[in-house]
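J.: One structure, as structure tokens, below. Some questions next.
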Amino acid sequence: MENSRSKNTIKNIVLSGFNKIINILLPFIVRSVLISVLGVQYLGLNSLFISILQVINLAELGVSSAIVFSMYKPIAENDENTICALMNLYKNLYKVIGSLIFLLGILIIPFLKIFIKGSYPTDINIYLLYIVYLLNTVMGYFFFAYKGALLNAHQKSGVISNINSIFIIVQNIIQIILLLIFRNYYAYIIVMPIFTVLNNVKVAILVNKMYPMYKPRGKLNKEVTKNINKKVKGLLISKICNTTKTTFDSIFISSFVGLTAVAIYSNYYYVMASILSLLVIITNAMIASVGNSLILETVEKNYSDMMKFNFIYSWISGICTVCLLCLYQPFMKLWVGEEMTYPMHIVIAFCMYFYAVNLGGIRAIYHDAAGLWWEARYRAILESILNLVLNIILTARFGVFGTIVGTLISLIIVNYGYGTQIVFKYYFKGFKVKYFYFEHIKYTLVTTINCIITYFIINKINDTGILDLIIKLVICLIIPNIINYMIYRKNKYFIKSLEMFRRILISIMHS
């Protein structure tokens, strides 16, 4: 069973990783063409509208995560009736949510200009553009959108990634062609809602083929419904928290600084988020397997696994942090030019932001797999309030740097610090949370050493082109790994990790 879970996780990581690389490169090209053909303010509008709609998207209430979580047990027990009833509930809830998001989106239209400081492109109707973005969001809740939950709950998230990648590739290629031919923003955005619908339909067709026995029918008993409602309430609060630390950043920058500032920020954030999304592949691929393990294995076994996974994840995220610190500026200069780059102190803040997000990566998997959203409601509220207050105060005074620092403080103190205590209080009972903190302090110190040494070496190389960037990347991948090996080679989690990879490799070779 453990090997099966590990193989599913590895398979999902490989499939999702390949697809994510494609999904990073193509939108990157699209952004470059958009800036080149239409200008930086159009990119700023794109980032602003996406941020506003992600806030409205809070109406989703975390229903999808709660439904997928509720499917773990009936899938493990082959309870077909409960699975069908969950699908039926999910289907009906998504219709209501999609309608609610559309209504909220329409109500915001009169206030759009409040979020834009300074000038914006005058050759377009920002209200019409916003409606197209709104329709794209709403379409995601109709046309069989609920069926994707079955694949996620069955540890087959990689299948969805494959479908998403195919449609994103075609969509981005069409958008690039339309931009180059018509040089028109309307032509660029009208493609989005069309492909959102096509994507949902394709997933539904595949799910019907793979799981023909599951149809949206029947009703859940009151106890199950009550439990789902409780988790949804907790997820709503958690979703608000996540929104305030990501999407509100662009809104504040647009309101206090302007669209051009949003565009530059969004470019830096896009690079960081692209690397982060590669790491999220690992956590997303693991969550269904961890959910299965929480049901079938002991708390002691799951704690041992979590500490091992945390070591691996910290190693990987530390290497990525080194790469960001050393390659951020050279890459941005090559991509958008030196005039659209930040000073080094903001780059360092972005790198710290990236590392702080990943501090709780593995802990968050066990938090979500155990369904502790309701228990974490006060943590989410506190983080939201702290983040909003700090962003307003610091952005007004320090601009973009203040925005990042405000988010960073709330991440470390509340999201990581308080969030970790919740998992240990409600699931890993009897295990000392201070040991988990101590391990992370060690990992952070090692990452800091890696950053200083590698950056010192990298600075000796000139920034003259792509070849220098590739050389720097190779150095960033080699030096930190050598240092990590020298420090961790006798670490028990390093030894356990090697043994786990050996077992998985043997299992794959004999399958």
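Glycine is no exception: its Cβ is also placed from the backbone N, Cα and C atoms.
In case it's useful when we look at the structure, here is the feature table from TrEMBL:
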TRANSMEM  48-72  transmembrane segment
TRANSMEM  93-112  transmembrane segment
TRANSMEM  124-146  transmembrane segment
TRANSMEM  158-179  transmembrane segment
TRANSMEM  185-207  transmembrane segment
TRANSMEM  246-265  transmembrane segment
TRANSMEM  271-290  transmembrane segment
TRANSMEM  311-331  transmembrane segment
TRANSMEM  343-366  transmembrane segment
TRANSMEM  378-398  transmembrane segment
TRANSMEM  440-458  transmembrane segment
TRANSMEM  470-488  transmembrane segment
J.: Under 8 Å, at least 3 Cβ pairs, sequence separation 6 or more: does that hold for the transmembrane segment (311-331) versus the transmembrane segment (378-398)?
T.: no
J.: Grab the same-chain neighbours of the transmembrane segment (470-488) for me: Cβ-Cβ under 8 Å, and only residues 6 or more beyond its ends, written as numbers and ranges.
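T.: Contacts of the transmembrane segment (470-488) (Cβ under 8 Å, skipping residues fewer than 6 from its ends): 311, 315, 318-319, 322-323, 326-327, 330, 446, 449-450, 453-454, 457-458, 461, 494.
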J.: Near the transmembrane segment (185-207), which same-chain residues lie under 8 Å Cβ to Cβ, leaving out any that are not at least 6 residues past its ends?
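T.: Residues 34, 38, 42, 121, 124, 128-129, 132-133, 135-136, 139-140, 142-145, 147-148, 150-151, 159-160, 163-164, 167-168, 170-171, 174-175, 178-179, 214.
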J.: With a Cβ cut-off under 8 Å, give me the same-chain residues at least six positions beyond the ends of the transmembrane segment (440-458) that come close to it.
T.: 310-311, 314-315, 318-319, 321-322, 325-326, 351, 355, 359, 472, 475-476, 479-480, 483-484, 487-488
